[in-house]
Amino acid sequence: MAKIVVTGGAALHGEVSISGAKNAVLPILCATLLADEPVEITNVPHLHDVVTTVKLLGELGAKVTIDQGTLSRGSAIVVDPRSVNQHVAPYELVKTMRASILVLGPLLARFGAAEVSLPGGCAIGSRPVDQHIKGLQALGAEIVVENGFIKATAKRLKGGHFTFDMVSVTGTENVLMGAVLAEGTTILDNCAMEPEVTDLAHCLIALGAKIEGLGTARLVIEGVERLSGGRHEVLPDRIETGTFLVAAAMTGGKVTVNRARPNTMDAVLSKLVEAGAKIETTDDTITLDMQGKRPKAVNLTTAPYPAFPTDMQAQFMALNCVADGVGVINETIFENRFMHVNELLRLGADIQVEGHTAIVRGNEHLSGAPVMATDLRASASLILAGLMASGETTIDRIYHLDRGYENIEEKLSSLGATIRRVP
């Protein structure tokens, strides 16, 4: 199984281009099932989860054509849904990726039936799917869960009013996709406001959907008879952006990220400024300068957008490990999201966990050691810590990393990091 080896000690300098957002491209690929003509998606990152989603679309009968593109521009994928002839998402694919559940709403809305295996993916807490089910039931779907499958039917979904019990990104996306072809008007309240949800809505609108309230907690959808073909460019990945900025801040470097979307990054950028970084932005670039400085520890609490994202928690924990002072991190979104702590301790970090809170005392010196990635963002935090550790840090189970970061070792190498992938 492949590993990544990081040799610490180098400050990062230079420029890096950000890939398309993992958490936007997966629902957008699923949304192509709603159309009755080919849909082109551009700025698609080379990620394992994208490969899995493309396989899933193929299993359902869609014809998928991929133009590999370049490292800086991403791929273009054309999905022709006219040949879809299956409505079952098999366990073999769904078990490896939770986002597979996002075919539930589109299949149900377009074809009147869907069977989706209960999802797998990251080992982070329970992540219940009840919000998906309740929301689609509010639009008239008949749904049963049996033998490990969600089985849904509907002649045609009907507009309705549904309030999510809790903020759910994929729940919002699934019910939104169901509503665009429903008969009449749907009002969804307590929706997730993440930029990736808004990007999905922009894609649906490009195909002919009628959606109002983008970026707010209330979405109003006027159902249409059909969605046509079209083209959509996936927005840049704000978590990848944040990861590279934290790497620059930790190592005392200066890095410019290109093809970014600074207006989706307020919570992360403000914490980096609090840590002592100087930050300059344009419409699509962010430059972070931490030259000659050690970061200051920061306190943070994860919460739904626009608050601090849970997907950046592990990276900021790595920053706090080498920062000046004590940082307190509260994780309010997912259970089991401190699985990286034991691995950071192996590098010499000083972390105490009490329930959903981690207290991190900064230590100027970490030491390289063999560590194991437990999930996607944890694997990124171990690379960041490795950049600051003396000697070599070897990170095992990096298949987690390939689910969400495109060519991370090449990109870090281009900034001066000593990092390589080994068999």
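Glycine is treated like the rest: Cβ placed from N, Cα and C.
Swiss-Prot lists C122 with the feature active site, proton donor, giving sequence analysis as the kind of evidence.
The phosphoenolpyruvate binding site feature in Swiss-Prot is assigned to K22, N23. Under the three-state DSSP scheme, N23 (phosphoenolpyruvate binding site) falls in the helix class. Within the same chain, residues at least six positions away from N23 (phosphoenolpyruvate binding site) with a Cβ under 8 Å of its Cβ are V169, E194, E196, D237, I239, D311.
Positions annotated as UDP-N-acetyl-alpha-D-glucosamine binding site by Swiss-Prot: R98, R127, P128, V129, D130, Q131, D311, I333. In the three-state DSSP classification, D311 (UDP-N-acetyl-alpha-D-glucosamine binding site) falls within a helix.
The feature 2-(S-cysteinyl)pyruvic acid O-phosphothioketal is assigned by Swiss-Prot to C122, with sequence analysis given as support.
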Self-check item: Set of same-chain residues at least 6 away whose C-beta sits under 8 angstroms from P128 (UDP-N-acetyl-alpha-D-glucosamine binding site)
Solution: none
Self-check item: Residue, out of the binding-site residues K22, R98, whose Cβ gathers the largest set of other Cβ atoms within 10 Å
Solution: K22
Self-check item: Fewest other C-beta atoms within 10 angstroms, as judged across D130, D311, which are the binding-site residues
Solution: D130
Quiz item: Reported as an integer number of Å, what is the Cα distance between I333 (UDP-N-acetyl-alpha-D-glucosamine binding site) and K22 (phosphoenolpyruvate binding site)?
Solution: 19
